[in-house]
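*Asks:* Quick one: this structure, given as structure tokens, is what I'll be asking you about.
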């Protein structure tokens, strides 16, 4: 220990007493901090300067005149006028050709083209054939490394800003257009406009009411499918292997349920698998019967008791088949109810559309298939009942001695085979008849729903959003049923709102009061303009908020700077004492030389960390919730990093320095400093838990944004855990490599270049 201390004091004295050495040491302390500070300052708040990003806007809108509005409106002109006053982005109004050419040449960061039909599509709510409006957005992905991320990802601040600005602009344009109608139109024109709107609202109300009724029917159909799934679970619930098979089927079904068609498909798959499992289980029962009769030395009483047990098992399977039978009956009733209601509704029209006729034909086929499935399941239930009764009877006859074991076995095997045939027949009926008919019905309903236009899109979005993962298909179908009920309620509510507005307009028209009509139309233009932009209000609640991007990136740049500082130390300082130094100290062991020279490295590493942290906090003024812990973290991180690079260099010489650089490169890409680790390629995700940067960044993030639970202690132990392997490498494992390293260094020196 004394020689270790003497070597450390000698290194410290030589570093401070020599002017040149002192200047070099000062540079070694300062350089890593400069690296971190410049990067943190450069990324402090990049999105505050988006007003300097040139985005071209080309308006080719031709305007629109609706039957409801006796004036021409050009929304594109109003959009460009509003954008001229917006300074969040560097909007430049130009021609379409110049905008596209500017994006290609790099003159503009991006370009927005307002198409010729923009006003027509945007104001399509006033027509019988509404369309979704669209803007063409062009971006030069070559111009900037993150251009694609900035413009394509919803989490990109720039694209969100562009989207928000356009949504707000379009909303305000819609408000002004609808508000101006009241002051433009005269009394007669106002009355005509109101009458047209009343007719349009009446059609909309009828469509909403009809769609709500259809959704309710779909919910009832899903409910019956849920009963089938639950009945299928009961069929295979009595056998361990069959239960496992059913669980796999349910899991497979649950992952695909996201719409009504998927729900029917999952129910079909589950029922088919359940019938297969039930049929296969009869093979095991047949084997059990063979085993009972083939037992050597078994008494007649024992055989009879075993048969009674098998009869009990069959009773359980019969109950499960009966549950399936009940579920099919409920589904048939629901299908019949749906057909009757749709037929009544369709008969109110003068003629049926092709889609409506297809729905009725599919319902008829589904009803016929359901009847055949009911017959097959009834036969299967009866076969199981007869088999169970016959087994019980054979058991009693064996006890009474009125029949032989051989006769009983032969008769029972025939009955088992008959029951298996019944279940196979039920399965075939379902797979070949019922399932295709349900699929055809689902396709027909989907095709019919396409005629609902924009209302159908809203329903499809709701149904597709129901893709959930549950423990079973029954839970998934239950969730879909609840969602369908909610959609039905929302549609009913919308229908009531439309009805209220229609009644208010009708009352005003009946009173011949043009001022009342004008007041209704101009009452809340902002609410009506929401039809144009449909903004979504998102309330963002920050958990462990971070003030700016520079503070958020500080853990990454600090860790990188401290690692760079550790590499600089092993490059600039000698890691082993010279022969002369060893002689002055009376000789040194490998351990004494290692620990003694390590001292000066740790002192400089501590100074690097202290300066870096002080600059972050007091010069750059990054956010920091725990200042004391931040200083402690930076110092510990620097000491651990220095131990790693020092051990690698002492053990492997110049090769060790190269390994330290390689480790740095891997950690820059794979430690999750810029992107979440889940977004990284698989090789980086594999090495992620073993990278020192991971622990250092987590510790600094806790100091900056706030600490959760025991996270700080856990990551601190993870960081200190790297010390043990580095000390083992530097003190023990490197010993066989000493001569090899000396030989490599001699060969490099002999080149007179390295």
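Just so you know, glycine gets a Cβ as well, placed from its N, Cα and C.
TrEMBL: automatically predicted annotations, no manual curation.
Just lifted these from TrEMBL, have a look:
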TRANSMEM  20-38  transmembrane segment
DOMAIN    24-166  domain 'ABC-2 type transporter transmembrane'
COILED    325-404  coiled coil
DOMAIN    428-731  domain 'ABC-2 type transporter transmembrane'
TRANSMEM  556-573  transmembrane segment
TRANSMEM  594-620  transmembrane segment
TRANSMEM  626-646  transmembrane segment
TRANSMEM  658-677  transmembrane segment
TRANSMEM  712-733  transmembrane segment
*Asks:* Find the average pLDDT over the coiled coil (325-404) in the predicted model and report it.
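*Replies:* On average, pLDDT over the coiled coil (325-404) sits at 72.
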*Asks:* Thinking of Cβ pairs under 8 Å, which stretch from 556-573, 594-620, 712-733 has the most of them with the transmembrane segment (658-677)?
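*Replies:* Looking only at 556-573, 594-620, 712-733, the most contacts with the transmembrane segment (658-677) come from 556-573.
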*Asks:* Near the transmembrane segment (20-38), which same-chain residues lie under 8 Å Cβ to Cβ, leaving out any that are not at least 6 residues past its ends?
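*Replies:* Result: 14, 554, 557-558, 560-562, 564-565, 568-569, 572, 604, 607-608, 611-612, 615-616, 619-620.
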*Asks:* Given a Cβ distance threshold of under 8 angstroms, which distant residues of the chain, six or more beyond its ends, lie next to the transmembrane segment (594-620)?
*Replies:* 3-8, 11-12, 15, 25, 28-30, 32-33, 36-37, 40-41, 44, 550, 554, 558, 561-562, 565-566, 569-570, 573-577, 588, 627, 630-631, 634-635, 637-639, 641-643, 646, 650, 730-731
